[in-house]
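First the structure, in the form of structure tokens, and then the observations on it.
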């Protein structure tokens, strides 16, 4: 019992009996593998190869390969099964599908892939044509060879302008010449009706300008009317005022209408003359009088004539109510007519001279208007320097 029991040596397994050639299926000749590689390395290389193929850019789907028939595996005895599986692992993973494909079929698939890659530039070119506008016009230099163009691509040509253009008229498209159409469109001037907003300053300037035009006609008419009035008075009064009674009898019907019209025209002319000077600034108005400005002189003469004509209004009332001194209720006494009418005739003569002189001064420079200039000046000061130049140019 003290001695250790020695185990008998391990017996080798029985050598399998070699079967006949009919029982063992024929297999492809075994490829030599490089030293230092194991089946696991082959599996890793196959998986990396499949990932690289999947990472390639998308290409059009290859043509469908007809399904391949699976080869029936014959049953192999258990002792030869291990060696057979080791031989076929590399071929199974090389296909990636687990299907053993012969070499001839593998070359066909590779050729089909190369053909599909040739059609790839044509598809990318067509997508670029839709995105880039500069490539829409194809020149002769950039034309591709017929081998590179896709089979089913539409024919492309050089884009050139057509001489005729189709224009829609009365719900129908009619052909028209491009040159004539361009000429007609250039000759049409489209005027936009822009309604500018009026301010109080614009209204004041428009009224001022319109009243200045009316004043010009009034000045001329008043000068002519004053000359006519004084001529009629002297004709009716006679030489050295010998026929004063004749003047009173003939002129009493014209005293009120003539003097009223004269006063109206004189007042309009006076206001129009004062509108041409700036009375808001006394220094400017005084400087105009001292420098003999035509507008300042005309306004002064009109104002003087207006005061003189108003001073003789009572005499005009007495002329209108004239009755011979011999009649009862007459306000005229015998021998006093000449003394009353002589100052009235002289005043009318002076007024006529003043009105005529004012008209001459204003007609010398009718566009002279200091009020309008000052109003524009204050308006321009509100704008910056750039806008001032624009307004002056207008």
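Glycine is treated like the rest: Cβ placed from N, Cα and C.
Summarising the annotation, Swiss-Prot assigns compositional bias 'Polar residues' to 80-97.
Residues annotated as compositional bias 'Basic residues' in Swiss-Prot: 110-119.
Marked as region 'Disordered' by Swiss-Prot: 1-135.
With a threshold of 8 Å between CB atoms, the same-chain residues lying at least 6 positions outside the transmembrane segment (213-233) that come near it are 247, 251, 254, 258, 261-262, 265-266, 268-269, 271-273, 275, 345, 348-349, 351-352, 355-356, 358-359, 362-363, 366. Residues annotated as transmembrane segment in Swiss-Prot: 213-233 (among others).
Annotation source Swiss-Prot lists transmembrane segment at 254-274 (among others), citing sequence analysis. Sequence-distant neighbours of the transmembrane segment (254-274) (same chain, 6+ residues past either end, Cβ-Cβ under 8 Å): 211-212, 214-216, 218-219, 221-222, 225-226, 229, 232, 295, 298-299, 302-303, 305-306, 309-310, 313, 316-317, 319-320, 351, 355, 358, 362.
The transmembrane segment annotation in Swiss-Prot covers 288-308 (among others). Here the transmembrane segment (288-308) has Cβ contacts under 8 Å with residues 263, 266-267, 269-270, 273-274, 276-277, 347, 350-351, 354-355, 357-359, 361-362, 364-365, 368-370 of the same chain, all six or more residues outside its ends.
Swiss-Prot lists 344-364 (among others) with the feature transmembrane segment, giving sequence analysis as the kind of evidence.
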